[in-house]
Amino acid sequence: MVVGKKVNYALSLTLLFWASAFVGIRFGLASYTPGALALLRFLIASFCMAIIYLRLPNKIKMPWLTRIQLLVIGVGAIGIYNLCLNIGELTVSAGVASFIIGVNPVITLLLSIFLFKERTNFIVWLGVILSLVGLLLIASSEHLSAYQPGLFVILISTLMSSMYNLTQKYYLRTYHPIVVTSWIMWGGNLFLLFFLPDLSQEFFAASLQATLAVIYMGIFPAAVAYVLWCYVLTHMPASRASLYIYFLPLISTALGFLLLGETTSFMALLGGVLALIGAVIAKQAHLGLVKTSMNAQASSLIK
């Protein structure tokens, strides 16, 4: 499939927006507590997604039971995910946080293996082990006592994201991705309303820089980037597009250095790269198994 310049531009902007969110969180935490930051960000994002949702043509009617299910999924996928990520970034740099989130495919794969008994092989497990070794290197890097709590809290975010990846597949078979994402985002917002008293106190005392950073995250990484991603997936195979996601931690690390002056130790950087390589190996090996299984089933049907 030939990919045009517009698709490449859309993909590049998507990666830049998503990578910048890790840096934006650090800016926002200068004036906001983790819960208030998450609430403000997704109040803005939900408003943006509502506009996009209402303008979406030919929406399939969704039963209220399905809407409630998506709202519940949003509690973990948006609410708990972002709350834990914000808490983690109180002590973990933007670059390191993005590397931890980058092992999401490995966690998703492990959940698939243990919950759905999906096939595996030596190469898959090799990738998993490499990712785990990478995480251990990050955990044992500089500032051990400060890093560990934040690292484990961000791992909760990674788990929430992985569970979201597994559950959303069922709904995406029937409904448009923007419809599914909108209801999930609104569910996360309902959970985050618990922090409304904190936000009402912090908003007027916050610095302009911190507030602008949160507004930016609500509009671009949370809403605009997702629309761009949907556009990319209509012009590029998902298996190819998803490979570019592995560049996010590298972009986040570079942005953290340029905008925040953050430096990542060699050990943490090595661990992050190793974790990403392991994730790529595990995911690609698993995709190969799935394709082999599908081809075998097709051959048996033909016979």
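For all residues, glycine too, the Cβ spot is worked out from N, Cα and C.
According to TrEMBL:
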- 7-29: transmembrane segment (TRANSMEM)
- 12-139: domain 'EamA' (DOMAIN)
- 35-56: transmembrane segment (TRANSMEM)
- 68-88: transmembrane segment (TRANSMEM)
- 94-115: transmembrane segment (TRANSMEM)
- 122-140: transmembrane segment (TRANSMEM)
- 146-166: transmembrane segment (TRANSMEM)
- 149-281: domain 'EamA' (DOMAIN)
- 178-196: transmembrane segment (TRANSMEM)
- 208-231: transmembrane segment (TRANSMEM)
- 243-260: transmembrane segment (TRANSMEM)
- 266-282: transmembrane segment (TRANSMEM)
Using DSSP three-state counts, the residues of the domain 'EamA' (12-139) come to 103 helix, 0 strand, 25 coil
Taking a Cβ cut-off under 8 Å, which residues six or more beyond the ends of the transmembrane segment (178-196) line up next to it in the same chain? 33, 35-36, 38-39, 42-43, 45-46, 49-50, 52-53, 56, 59-60, 62, 67, 70-75, 77-83, 164, 168, 171-172, 222, 226-227, 230
Residue distribution over DSSP helix, strand and coil in the domain 'EamA' (149-281): 115 helix, 0 strand, 18 coil
